[in-house]
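Below is one structure, written out as structure tokens; comments come after it.
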């Protein structure tokens, strides 16, 4: 009985603590304008998001549902409340009225309520459909296979970036790698794939139960050299490295530690990574970070709706056909964030567009509903499948990647998300077939020896 009471107390303490912190941030009259109705709207979003993380049907130690609600908490709850109080706008965009904030908040509140209801239904549906998996994977993979693939990925990365070791550790300016890699755009495309290989190799070693610290450290060092966090965009750094958090014992055993790490990451690590993007960026932590363009998701979403930018599916088509070059497709759609920026004459066009903004840009409010249904199905199915049935290493690795990548997808934009997600999938397929080929070669060579 005592452990149960302790879990209930931890649950309540965490929710109450975060609720009080949220209330202090949102309702404290520290800005230049104040409307209780606007702030209450965003506080309600925060509370429902906390419910989704800690108190809902999702009782897993980690899940895509938790990622969704944590994103909502920060980007559609806390951030717009702070931005409203300080009358923030970004990149020379027009400022919003109180009515605008109420309108945007109401739309996102309805979306969140529907998400929570549909996820609960979807989770129960897929849980009832689960049957014991017949997947039985025999793992017999010599470690030198892993080292060969990881070191090969590192060497190929160094060759592609022309031995420019600076870009291995610090993120270069936009489009720098496209113009400064061996083999041109082909080299750049290969780079997106190959940098994920060493990450996948390390994940695979941990998933098969590898616990030798010497190998974990060596494979980890190779992964860091190949895909150093400060050399990547924040979203991709999260997608690559968040999966390793779930291997920590406290996180495996409790649903609270993983969510707490994510909250800490958005408050602290997310702004910190920005320092290493180009060199001299100002560091904004905690509440100050919400007043910067890094938390522009709500404003871009609302601007898109106010301008009624609907393309009838062109943005989705452009995202899915990202591999077609502009020189071939002269009328290829711009990324949705860039489309908004050029339409409103922003002084910076490399802006993001949140997932639900992408839905609106394609099919209006119907698009928001369609994108909502898609992410509910994705989250409910994968969460129940991963935690309640045996899965192949391929599926397990892909799911762990999504724990970080969904945050990137939700922030946007869709074109970039599809491109980066596809590159990881190709890397995952590459490693999968590499292991299969090595297995076959081993079988053939052992047969010859026996003969």
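Any Cβ shown, glycine's included, is placed from N, Cα and C.
Here's what TrEMBL has on this protein:
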{"type": "TRANSMEM", "residues": "12-28", "note": "transmembrane segment"}
{"type": "TRANSMEM", "residues": "34-55", "note": "transmembrane segment"}
{"type": "TRANSMEM", "residues": "67-84", "note": "transmembrane segment"}
{"type": "TRANSMEM", "residues": "104-122", "note": "transmembrane segment"}
{"type": "TRANSMEM", "residues": "143-165", "note": "transmembrane segment"}
{"type": "TRANSMEM", "residues": "185-207", "note": "transmembrane segment"}
{"type": "TRANSMEM", "residues": "216-244", "note": "transmembrane segment"}
{"type": "TRANSMEM", "residues": "256-276", "note": "transmembrane segment"}
{"type": "TRANSMEM", "residues": "363-381", "note": "transmembrane segment"}
{"type": "TRANSMEM", "residues": "393-410", "note": "transmembrane segment"}
{"type": "TRANSMEM", "residues": "422-439", "note": "transmembrane segment"}
Stretch of maximal Cβ-Cβ contact with the transmembrane segment (185-207) [cut-off: under 8 Å; candidates 67-84, 363-381, 393-410, 422-439]: 422-439
For the transmembrane segment (34-55), distant same-chain residues with Cβ under 8 A (at least six beyond the ends): 11, 14-15, 18-19, 22-23, 26-27, 65-66, 68-70, 72-73, 76-78, 80-81, 84-85, 98, 101-102, 105-106, 108-109, 112-113, 115-116, 119, 255-256, 259
Two-stretch contact, the transmembrane segment (143-165) and the transmembrane segment (67-84), at least three Cβ pairs under 8 Å: no
Per Cβ pairs under 8 Å, the stretch of 12-28, 67-84, 363-381, 422-439 packing most closely against the transmembrane segment (104-122): 363-381
Positions on the same chain near the transmembrane segment (67-84), where near means CB under 8 A and six or more residues out: 22, 25-26, 31, 33, 35, 38-39, 42-43, 45-46, 49-53, 96, 98, 101, 104-105, 108, 112, 115, 259, 262-263, 266, 287, 290-291, 295, 297-299, 354, 375, 379, 403-404, 406-407, 410-411
Intrachain neighbours beyond the transmembrane segment (12-28), with Cβ under 8 angstroms and 6 or more residues off its ends: 36, 39, 42-43, 46-47, 50-51, 54-55, 73, 77-78, 81-82, 256, 259-260, 263, 287
